[in-house]
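Quick look at what TrEMBL annotates:
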- 11-38: region 'Disordered' (REGION)
- 87-109: transmembrane segment (TRANSMEM)
- 130-156: transmembrane segment (TRANSMEM)
- 176-202: transmembrane segment (TRANSMEM)
- 246-269: transmembrane segment (TRANSMEM)
- 281-299: transmembrane segment (TRANSMEM)
- 311-330: transmembrane segment (TRANSMEM)
- 336-353: transmembrane segment (TRANSMEM)
- 373-394: transmembrane segment (TRANSMEM)
- 456-489: transmembrane segment (TRANSMEM)
- 510-535: transmembrane segment (TRANSMEM)
- 541-561: transmembrane segment (TRANSMEM)
- 706-766: domain 'CBS' (DOMAIN)
Amino acid sequence: MSVLISPALLNGSSAPAPETEEDEESLTHPLLNSLSRSTSNNTSQVAIVGSSVSPIESLDYEIMENDYFKQDWRRGEKIQILQYVSMKWMMCFFIGLLVGLVGFCNNLAVENIAGMKFVVTSDLMRARRYTTAFLVFASSNFGLTLFAGLITAFIAPEAAGSGIPEVKAYLNGVDAPAIFSLRTLFVKIVGSISAVSGSLVIGKAGPMVHTGACIAALISQGGSQKYGLTWKWLKYFKNDRDRRDLVTCGSAAGMAAAFRAPVGGLLFALEEMASWWRSALLWRAFFTTAVVAIVLRALIDVCLSGKCGLFGKGGLIMFDVTSANVAYQIWDVPPVLLLAVIGGIWASLYNFLQDKVLRIYNRINERRAAYKIVLALTVSIFTSCLLFGLPWLAPCRPCPSDTSEPCPTIGRNGNYKKFQCPPGHYNDLASLFFNTNDDAIKNLFSKNTDAEFHPFSMLIFFITCFFLSIFSYGIVAPAGLFVPVIVTGAAYGRFIGMMFGSHSTLNHGLFAVLGSASFLGGSMRMTVSLCVIILELTNDLLLLPLMMLVLLISKTVADAFNRNIYDLIMRAKGFPYLERHAEPYLRQLSVSDVVTGPLQFFNGIEKVGNIVHVLKTTGHNGFPVVDEPPHSAAPVLFGLVLRAHLVTLLKKKAFLQNPVPAGVDAFEQFSADDFAKKGLDHGDRVEDIQLTDEEMDMFIDLHPFCNTSPFTVVETMSLAKALMLFREVGLRHLLVIPKVSGRIPVVGIITRHDFMPEHVLSLHPSLAKIKWKRLRVKLPRGVKII
């Protein structure tokens, strides 16, 4: 074993990080700061996964082309290749089938649980038992939130939140423990149903994306090893690359199931989630979302016959919101432009406040589980008081004479809730608050209802949803952001439509649709996928020109203030996400400027004791293998060997008495499954392997198990250029070789951590002054919020 000290370490460039505003907010709390700095060049870091601080590591999408892989691949027959391809399509079918079933069951459960709660409360209100009605309403929400918080905090903390930032980080190459485990899947489904039914201003679209990714990951690895649910015929997919592709299909299926938008779900995975994309993956993801759409359509037909309890006419994701014929003139464009600009400003403010609140919640959630539960219950009680108390501020309105449905509404669904009003009158604010978020959006989007809501009621509803959605996200429960942003934007758009009144030919329902688009574009910063999702929701292609205009303008306006909401959440959680673009200051550095040491590598034939010592004392995942005399004329880089493969060799005790090449016999005691990724339990550990003193003095021939063609860069290459190579190929390790021959064959290894701004600026603090920053509109120095 040899140790090399990199040039960057010899130069002593270890100055402290600059105390700039951006660096101050780069990590969430001191625990993340200390742990992240202590790992230096290790591939493992920590991040907030769900609601708990957990270690994370990078994924490796590069195929390990060692001698064993080549030998095993040459033995592959055409029937095995055909089996591999056909199994991929079959797995996409099962992913779509299961995600469609879960999506339907989620909505069925929410509509029945929440519907029963609203029916009982409404009956008590009609009997003028107002105190009892509030107690029933508040206690139901309290119990549902408590149940969701308990199972999340004690069974699967990784299931908290929407899950989209975790899945997006995974598809970028960051692996967090247990985000795709069986218990996470269970808590994500059950906890989402309970939390949404508890009248929290949260959605189920984000949890559905995480659910789809969980189902895809569990199927691709053959089930769960921890619970003994594995299938050996899925061993072909136990690698990061195939699992990444199937998780991408699962996330697309989850969004398709959330909004019954198959094309929108596909584009969402392409535009927002995936960091790598190719045509073959596009076809499989399209097939998966098509299966979801067919499953939902078949199950909807069952519910239309009245066999689904209170679920049958409610639920945003299952039914067309509006099919009105849209006719607009040129003078309708200025109000729409104004709506888009103001919507972008409001959405950027939403992102700003959400980021600040989430950072505060993270400090609370890092404490004991009791603090998490108390926070969730506090939000639930506050929400119940607002939802029940605010409708009392709205005046009772007489029922319209030309309505197509009963007024006031008796039972579960409807636009006209009686609440405390006398016969023949309804409470427009209660019609929005005393419904699920899906039904509230349906009411806001509905056509021919311009006179149904009062502007004062719409303003109260908008402000309430705006702040409740901010404070509801981040508690210890599965919670999405899509539906809250849609309902908030719909209230905003409808209020703008009321302000313009007769100056526009667009009805208020269409203003609500465009308002949702402006909030989504300004918050999520997506355009194509959001446009298609909204069009699939509304079933109205005539809105396409206005929809495109609103999304583009709101996104552009919001980009002047901050990042999209998911990037802010990933940054607050501490995920080392690699952006699509390289910061310009990275072009002023070469890869040798950020390599830190000491670098540890192995000889081609290495002593067992040396291997065990290095594995126990370092956290590195990959090690260069260098041949030195007498095995070669001069020191030469032979390849790269992975930690997992070294542990497998130690476990199988593939030892040699003397330091000589192993020969062909080295392949006979191994199978392809021995070197496959072990799944969500992260495989075997070197500490669990028992070796005798005699075995520690033996040798291992590493040549057959090395990747002999790892990606390498010259030490003088631009760091920005190396970042693009690292991200586009999906690497975990990038070897740095010297520019001139005659020196050591490898200078160092670059990992994901070396590209992070915190690491680069800690080594070169002078770059902080010339760091390129996006155009941002900032508050004056004297103004500090939270």
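All positions are counted from 1 along the displayed chain.
Every residue gets a Cβ built from N, Cα and C, even glycine.
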Cβ contacts the transmembrane segment (176-202)/the transmembrane segment (510-535), at least three under 8 Å, sequence gap 6 or more: no
Beyond the flanks of the transmembrane segment (336-353) by at least 6 residues, Cβ under 8 Å: 466, 469-470, 485, 488-489, 492-493, 496, 506, 511, 514-515, 518-523, 546, 549-550, 553-558, 560-565, 568, 785-786
Composition by DSSP (helix, strand, coil) of residues within the domain 'CBS' (706-766): 24 helix, 12 strand, 25 coil
By Cβ distance under 8 Å, which residues at least 6 away from the ends of the transmembrane segment (510-535) in the same chain are close to it? 255, 259, 261, 263-265, 267-268, 270-272, 321-322, 324, 326, 336, 339-340, 342-348, 350-351, 441, 444-445, 447, 481-482, 485-497, 500, 504, 541, 543-544, 546-548, 550-555, 557-559, 563-566
Restricting to CB pairs under 8 Å, which listed stretch, 87-109, 130-156, 246-269, 281-299, 456-489, is in contact most with the transmembrane segment (373-394)? 130-156
Same-chain residue ranges lying at least 6 outside the transmembrane segment (130-156) that approach it to Cβ under 8 Å: 50-51, 113, 117, 120-121, 124, 178, 181, 183-184, 186-188, 190-192, 194-195, 197-200, 369, 372-373, 376-377, 379-381, 383-385, 387-388, 420, 475-478
Do at least three CB pairs under 8 A connect the transmembrane segment (281-299) and the transmembrane segment (87-109), leaving out pairs fewer than 6 apart in sequence? yes
Would you mind listing the long-range same-chain contacts of the transmembrane segment (456-489), meaning Cβ under 8 Å and 6+ residues beyond its ends? 51, 145, 148-149, 152-153, 157, 159-164, 187-188, 191-192, 194-195, 200-208, 210, 258, 316, 343, 346-347, 350, 353-354, 357-358, 361-362, 365, 369, 372-373, 375-376, 379, 382-383, 386, 390, 393-394, 428-429, 432-433, 437-438, 440-441, 444, 495, 498, 512, 515-520, 523-524, 565
Contacting positions for the transmembrane segment (281-299) when only residues 6+ beyond its ends and CB under 8 Å are counted: 88-89, 92-93, 95-97, 99-101, 103-104, 245, 248-250, 252-253, 256-257, 260, 262-263, 265-266, 269-270, 274, 318
